[in-house]
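**Q** Just passing along the structure, written as structure tokens.
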Ligand code: NAD
Ligand code: MG
């Protein structure tokens, strides 16, 4: 019997790769539930193609009348129902941003087999998610390529033998030549190796994406920040490396195509029986570089916020979502992002919300505060530019 898959965020970039695996392996997987947010026509096309039994949208669509056998759900409540369906064998969270947190928690509380790409929720609420995973004896299988590589490696070695984990970063478009005031959004969105949503592509250019991934790894694998390193690897073929106590480094390599880590996660503990494309290490030289001194300050800042803990990782994420959103709307320049995030964290530190400890009650006021600070800063910057 094929495994019944619930996919939240099916219209996005990760969602499309998940659907591509389901398409390739109809004998292994069947789409049970699907959610999408803004691309209503795309959701309808997916409903036509996959005939899932459950579909969730922000609001109930008029066209539901044409699909009598399907259960239509809506809003946050609908997402939580989808994430906890008793008949689901697998729940995949491919939603972007903090909107993924509610369904992540619903899936854990209902002891679902959970796969997630939604790093923002793990960054913002890692300790709360971990407490819930411990209470229900569950784990999250990561879809993010670096984390999936590390996950695969960690199943092979005893924890005492692992000295460090290393996440690779492409370095983005500004590794060789830093961005300046003439850098356009088009330059930023030209990612050298990966094709992804625009928000995560901007985060790759500032390297805050890697910063978030350091926090994601810290919570997912419960490894101290001191043992998580980042190396620039412009070819993006090696995704994660585990350094063992004797100095041996073991790495995972695959093409920069999210179907590889997603396939590994969906088949876990098996391995997908066929490859998605041909792949050879001969085609390119493999290079690795340390982060150049003084470059990519947001990566360093992410480590600092991770060590500070509390509501600071959440504030960093919320500030970044607003500030990058303003950059994507051409309201501020790319080079403003770093400065505004640094200022935003200073203002957040001085707020009452920053003194609260991380809890379900404090998450949303802190997020609201950080978003309000970001908007103040964006408006100030727009007036100055
Ligand atoms: P995307 O923008 O392409 O897709 C986001 C999906 O989330 C869409 O289906 C959208 O409908 C849904 N969504 C957005 N806002 C929502 C809301 N408020 N409520 C419910 N659904 C909502 O993003 P993506 O690039 O596919 O990324 C998805 C997640 O995976 C993110 O957390 C991202 O950081 C992570 N990730 C992405 C990649 C990648 O290659 N794209 C790699 C690693 C991790
Ligand atoms: Mg990644």
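Cβ from N, Cα, C; glycine included.
When I checked TrEMBL for this same protein, it listed these features:
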type	residues	note
DOMAIN	5-126	domain '1-deoxy-D-xylulose 5-phosphate reductoisomerase N-terminal'
BINDING	11, 12, 13, 14, 118, 120, 197	NADPH binding site
BINDING	119, 145, 146, 170, 191, 204, 209, 210, 213	1-deoxy-D-xylulose 5-phosphate binding site
DOMAIN	140-221	domain '1-deoxy-D-xylulose 5-phosphate reductoisomerase C-terminal'
BINDING	144, 146, 213	Mn(2+) binding site
DOMAIN	254-372	domain 'DXP reductoisomerase C-terminal'
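Set these features in their place in the structure for me.
**A** Per-residue pLDDT, averaged over the domain '1-deoxy-D-xylulose 5-phosphate reductoisomerase N-terminal' (5-126), rounds to 97.
Over all protein chains present, the Cβ of residue 118 (NADPH binding site) has 28 other Cβ atoms lying within 10 Å.
Less than 8 angstroms from the CB of residue 119 (1-deoxy-D-xylulose 5-phosphate binding site) sit 144, 212, 213, 216, each of them six or more residues away in the same chain.
Sequence-distant neighbours of residue 146 (1-deoxy-D-xylulose 5-phosphate binding site): residues of the same chain at least 6 apart with a C-beta under 8 Å from its C-beta are 167, 168, 213, 217, 239, 240. Residue 146 (1-deoxy-D-xylulose 5-phosphate binding site) carries a helical DSSP state (H, G or I).
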**Q** Cα-Cα separation of residue 209 (1-deoxy-D-xylulose 5-phosphate binding site) and residue 120 (NADPH binding site), in Å?
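**A** About 10 Å separate the Cα atoms of these two residues.
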**Q** Quick check on the binding-site residues: of 11, 13, 209, whose CB has the lowest count of neighbouring CB atoms inside 10 Å?
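**A** Comparing Cβ neighbour counts within 10 Å for the binding-site residues 11, 13, 209 gives 13.
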**Q** In the domain '1-deoxy-D-xylulose 5-phosphate reductoisomerase N-terminal' (5-126), how many residues does DSSP put in helix, strand and coil?
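**A** With helix first, then strand, then coil, the domain '1-deoxy-D-xylulose 5-phosphate reductoisomerase N-terminal' (5-126) has 57 helix, 26 strand, 39 coil.
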**Q** Taking DSSP states H, G and I as helix and E and B as strand, how many residues of the domain 'DXP reductoisomerase C-terminal' (254-372) are helix, strand and coil?
**A** 68 helix, 1 strand, 50 coil
**Q** Neighbourhood of the Mn(2+) site (144, 146, 213): other residues with Cβ within 8 Å of the Cβ centroid, in order?
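**A** Same chain, not in 144, 146, 213, Cβ within 8 Å: 119, 142, 145, 147, 148, 167, 210, 216, 217, 239, 240.
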**Q** Checking the binding-site residues 14, 144, 197: which ones have Cβ within under 6 Å of ligand 2?
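**A** Correct list: 144.
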